[in-house]
Amino acid sequence: MEVLKGSYKQKSFQSLKDLGQQGSSAAPGVRPTKSLQTSPIGSWTSLSHLRLEKLAEGSGWEELQDYGLEELRDGFFDASYSRPQRVAATEPPVSTSPKAQSPLAVRCKAFRDRLRVHWKAVVKFTVAYLAAMFLCLVRPASDWIGDVYSCFLPVAVLIHHPVRTVGVQLEITVQSIVGLALGQGWSALWWYVCSVARVGRHEGALLFLSLVLSGLWSSWLAAAYGRLVYMSVSFGITATFFATSMPPSEGSLPIWRHFWDQGMSYLFGLLLSLLVCIFLFPRFGHATIGRGFSSAANDLKHLLDYLVDARYCNDIPMLVEAQENAVSAIDVRLSEGYREFANQFSITRFDGKLLEQLRNSLTIAASPLRSLPLGHGLLTNVELERFHQARPQSAPENTICVRDADDHYEDQAIKTEESANLGLACGSTDLCSAIIRDKFSETIFDLIMELIHALNSLQVGLNNISESNVSASERADIKANILACLSNLHDRIRRLDIKYKEFGRAGLFTSELLLNPKSSDALVFLRYIRQCAKHMTKVLEVFLQLNASVHWRVIPPKYQWHRAIHRLSHQCALDQGASFLWNYFQTKRDVDDAFEMIYNSYTSKHHEVSDLFSRQGMRPRIRAFDHKDFAVHSTSNPIRYKLWQLNNSLLGPESRWARKFTVVLVALCLPGWLPGSKVWYREYHCLWAPIIYVILSNRRNSSNWRALYKRLAGCVLGVFWAWCANQAKHYSNPFIIATFSVLLCIPLAFNYFAYNRRKSTLAALICFTVPALVTFFLEEHTTASLWKQAWTTGVALLIGTFCSIPINWFIWTFTARSELSLAVSGLLMHLSQSYQIVAGRYLYRDTDDHPNDLTRSLASIREVRLSQSLLATRALVRSAVSEPNIVSEFRAYLFDELLDHFSVLLERLIEARRLGQHFQVWDRDPNTETTRALLSLRRDNVASVIFIFYMLSNCFSSGSKVPKYLPNPIFVRKKLFDTFMKLAEDASARGTSAHSSTPAAPNNTDPSSPSSAGQDHWDEVYAICFSRAFTDISVELQRIIDLAKEILGQEGD
C-alpha cells in the first residue's frame, strides 16, 4: 500500500522496530535519489545536528523520560521536555555616564540645520497666525466677523495650521466645516427647546443633557475613527461653546447672533489656513513621494556599496546596520510614504498605478537582500582593490539586444583537467572557499557594480522627474540612461548564468564543498544577488513607463475606505501628540487585518481537500496545514459576528474613553449652569476651560509629569505674554498686541516643527491668543480690569489644560506599558502563523503543489507587515520608558532583547520561506519507510514550536505567568535529527540505502544530464541552508521562553 504524505494514521518509526532486520526487502520502497556524489544521506542536516548536540550538552538540560509513549491520534503531538531550571536574571546594560554638554558651536550648527529644514513651515505658520490676529485687531473687521468671539478665528488657524499638503488641508477643512455645521445645528435645536413654552426656566439641565450627548458622540467618534478627529474636534468645540453661552438670566431670549459670531470666526479661520496652504510654498505630495522613492533607492545602493568596498566588506556590524537600514527604507519608510500619498488628494506628475507598480517591484527587488548572507567570504579586500583598480581601464559593455536572463544559454566551456583536479581536491575548507571565489568573485563584483549604477540612475531619474519643470529633453536623457543600465544588467546576469554552468560542469560540487558553511553561504549569496538583479530589471522597466507618462494630474484617495477611516495623515498625527502611539495603533490595525486575510487565504492549487485523496472508500484526511486551526472568528454566522463587532465598538475602550471624557467635560462646564456662578463664568470667558480641554485631550497619550509641566509652563507663558501685550503703554493697543504676537509666534512655531513639541506649543499660543483678544475687547481699559480679565481667563485655560493629561491616569487608564504586553502577544501570534505557513505551505507542502505567485505575494505582504509591527513595537517601548515608575520598575532592556530575538526569528522565517520553495523535503528521504517513520517526528517538531508560540502569546495577553513545563524546541528538533541519522546508518549498514538500491529514474528525467545535476546541487544547497534557518528558529525560541519567564514570572516560583 502506498504511503500518503502528511497522513499521521501510518505507523511511526518507534512502532517499526523490526525495520532494521528487514534487509534488502525494503528496496522497492526506496525513493529515487539523483546523485550519489552530491547527496550523501544526512548531509543537509549534519551541520544543524552537530550544533544542536553541542547546545544540548553545554546547556546542562536534563531531558524528562517519556517511557516510550507515542501519540498516534490525529490532531495531537508528542513533545520533549526538559527539567525546568531557574532562569538566570538578565543583567541590565551598563549605563554610560551622561554625555557632556555639547559645545556652543555644535548646538549652533544643529540649530542652523533645523532652521534650514523647517524655515518654510515656520513662515507659513506665522503668516497664517498673524493674518488671523490682524483680522481680529482691526475693529471694523472683527466687529463684523464675530466681535469678542472673533478669537475663534486664530484658534481655528492654530488647530488647522497650513503646514500640510494641499490634499490633506482640503480634507480637514471640509471635515471641520461639516463638524461646525453639525455642532451649530445641534446647539440651535437645544437653544430652541430652552426658549420655548417656559421650558427654559431651568435651562441648565437641558444644556447639561445636550452637552452629555454631544460629548459622548464626538469623543467616541474621534476615538473609534481616527481620520475624523478634526470633524469631532470642531463639533465638540461648537457644542461646548453653545452649551455654556446661554443668557445668564431666566426668561431672556437667546442671543442668536452668537451663531454668526462663532460660526463665521471659525469658518474664516479654516478658509484662511487653506488659502495660505495653497498660495504660500504649496506642497501637493508630488515631490515628497518622489524623494521617498529616491531615498529608498539610495539606501539599497549604500548596502551594495558596502559589499564591494574594501574597507567595509568584512565589517559585519557595519554591513548588518546597512542591511537593516535598507530593509527599513523599503518596508517601512517607502511603504508608509506611499500609503500617505494614496490616502489623500494629490496633484502630481506621476501615474498612480505605475507608482504602485514601482513600489511593489522595488519591494520585491529588495526582498532577497534582507536574507543576504553577509559572512560569505566571496569578496576579499585584496580582490576588491584589484577589481576597483582594473574597472576604470575596462569600458563597460552596452549590449542593447540581450535575451532574457531566464533563457537557456549553451555553455561553450568544457571541463578542463585543472577543473577536475580542483574538484578532487576540494576537501579543505579554505580551498573550497578559494575555488568558489576564483570562479565567481569577478563576475559577481561586476553584477553588483552594475546594480549600483542602475540604482544611481534610478535615483537621479526620480529626482529629475520629481521637479515640476523637467523638460522633454531631460526625460529623453533619462530614458537613454535607464535603457543602457537595463541592457548592461541583462548582460551581467547572462555572464553569471554562464559561470554557473561552467562551475556545475566542472564537477566542483562535492559533498565536502556543500558541508562547508562558507561555501553554502557564498552560493546562496550568488543566487540572491542574481535574483535582486533580475527583479531590478522589472523596476527599471516600470520606471521607463513612469517617465513616459509624466504630466500633471489630480489623483483622488484610493486607499480602502474601511482602512482609510482609521488612518490619520502623518502631519496630523504629529499634531495630535504621541505620534509614536498613533503610528503603533494604525500599524497594529493594518497588520491584524492583513494577517487575518492571509492566514485564511487558500492558495493551494488543489481546490478541495478531497482532491488529494481521489481513491474511493478513503475519507478526506487532515492536511499538514489547516487554516481553521487558529481562525480569528469563533463563529461562522456572519450576522452574529457583525453584532459582536457592533457591541464591541459600543462597549469597548472607545466607549469607556467617551464616558470618562464627558464626565470631566461636564465638570468643567458645570459652573456655567449654576445660578451663583454662571454670570462671572460668561463674563470672564471661563468657557474656554472646557474648549481647550476638548482641543488638547488625546485618548492615546499617556504622557508623564514632565509633559504636564511643559504644557502648563507654556500656558503660563502665553497668559503672561497676553497680559504684557495689553498692559503695555497705550492700553490694549492693536499694534503692540500684533508686535507681541510676532515675537511669540516665531520661536514657538520653530519649537512646534523643529522639536515636535506640538501640544505644549499649541497650548501656549491658545493661552496667549484668547486672553489677549478677550482683554482687547474690554470696554474699560485700566490696569486692574486688564489684570483681572487676562488672568481670570488664563486660570480657566490653565485648569482646562491641566485636565487634558491626567485624564489618562485615572479610571480605565491607558499606559504604553500595558499596551506593550498586548503588542508582544500579537507579535508572537503573527510569528506563529508565519511559522505555520512556512512549514505547511513550503517545507511540508503537498505533492505537486509548489508555491504559486499568489502565495509568494501574500508572503511578501506578511513579511513587510511584520517588519512594520516590530518597528512600531520598538517605538512603543520608548514611550513606555518615559512613563513614571509607580508600581514597579519597568525593565525596558528585557523587552529590547525580546524584540531583538523576534527580529532574528523573523529574518530566519523569511530565509526559510525563500529557501523552502526550491526543494521538496520528501525527496531528501532515501526511501518511503524513512518518510513514514519521520512523519510523527516532523509533526512533533512543528507542533511544539507552534504550541510554544501560542502559550507565550496567551501569557502576555492575559498577564499570566509562564508554565513551568513547556516543550524544549531544541530537544524536539534534535530528536528528529537523531532519528534521521539512525535511519540513515541502519539503511547504510543493511546495504539498502539509495547508493546501492536506487531504482532507475523516470524516463522523462535524465539524472546524468547537466541541467538535472545542477538542479540537484542547488537543491542540496537550499536544503542545507533551510535546515540551518529552521534550527536557528528553535534556538531563538528557547531564549524567548527564558525572557518571557523573566518578564512575566514562572509558575511555581
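Glycine is no exception: its Cβ is also placed from the backbone N, Cα and C atoms.
Residues or ranges marked as compositional bias 'Polar residues' by Swiss-Prot: 9-25.
Within the same chain, residues at least 6 positions away in sequence whose Cβ sits under 8 Å from that of N464 (N-linked glycosylation site) are V470, E474, R475, I478. Swiss-Prot lists N464 (among others) with the feature N-linked glycosylation site.
Proximity of N469 (N-linked glycosylation site) to non-local residues of its own chain (separation of 6 or more, Cβ distance below 8 Å) is seen for none. Swiss-Prot lists N469 (among others) with the feature N-linked glycosylation site, giving sequence analysis as the kind of evidence.
As annotated by Swiss-Prot, N-linked glycosylation site applies to N547 (among others). With a cut-off of 8 Å between CB atoms and residues at least 6 apart in sequence, the same chain places G461, I465, R475, I478, K479, I482 near N547 (N-linked glycosylation site), listed in sequence order.
Per Swiss-Prot, N-linked glycosylation site is recorded for N647 (among others). Within the same chain, no residue at least 6 positions away from N647 (N-linked glycosylation site) has a Cβ under 8 Å from its Cβ.
Around the Cβ of N701 (N-linked glycosylation site), a 10 Å sphere holds 22 further Cβ atoms from the protein chains shown. As annotated by Swiss-Prot, N-linked glycosylation site applies to N701 (among others).
According to Swiss-Prot, the feature N-linked glycosylation site maps to N1003 (among others).
Taken from Swiss-Prot, the feature region 'Disordered' applies to 1-38 (among others).
Positions annotated as region 'Disordered' by Swiss-Prot: 991-1014 (among others).
As annotated by Swiss-Prot, transmembrane segment applies to 117-137 (among others).
According to Swiss-Prot, the feature transmembrane segment maps to 143-163 (among others).
Residues 203, 206-207, 209-210, 214, 230-239, 241-243, 246, 253-254, 256, 259, 262-263, 266-267, 270 of the same chain lie 6+ residues outside the transmembrane segment (177-197) yet bring a C-beta within less than 8 angstroms of a C-beta in it. Per Swiss-Prot, transmembrane segment is recorded for 177-197 (among others).
Annotation comment: Swiss-Prot describes 205-225 (among others) as transmembrane segment, evidence class sequence analysis. Listed as Cβ neighbours of the transmembrane segment (205-225) (distance under 8 Å, sequence separation of 6 or more from its ends, same chain) are residues 183, 186-187, 190, 193-194, 199, 231-233, 235-236, 239-240, 243-244, 246, 565-566, 649, 653-655, 657-659, 661-662, 665-666, 669, 673, 694, 697, 699.
Look at Swiss-Prot and you will find 228-248 (among others) tagged as transmembrane segment.
As annotated by Swiss-Prot, transmembrane segment applies to 262-282 (among others).
Per Swiss-Prot, the feature transmembrane segment maps to 661-681 (among others); the stated evidence is sequence analysis. A Cβ distance under 8 Å defines the sequence-distant neighbours of the transmembrane segment (661-681), meaning residues of its chain 6+ beyond its ends; these are 203-205, 207-208, 211-212, 215-216, 219, 240, 243-244, 248, 687, 689-690, 693-694, 697, 699, 799-800, 803, 807.
According to DSSP, N547 (N-linked glycosylation site) is assigned to a helical segment. Contact count against the transmembrane segment (735-755) (Cβ pairs under 8 Å) is highest for 117-137, out of 117-137, 143-163, 262-282. Residues 129, 133, 136-137, 142, 147-148, 150-151, 154-155, 158-159, 575, 685, 688, 692, 695-696, 707, 710-711, 713-719, 721-723, 725-726, 732, 734, 737, 740-741, 744-745, 748-749, 751-752, 786, 789-791, 793-794, 797-798, 801 of the same chain sit 6 or more residues outside the transmembrane segment (760-780) yet have a Cβ under 8 Å from a Cβ within it.
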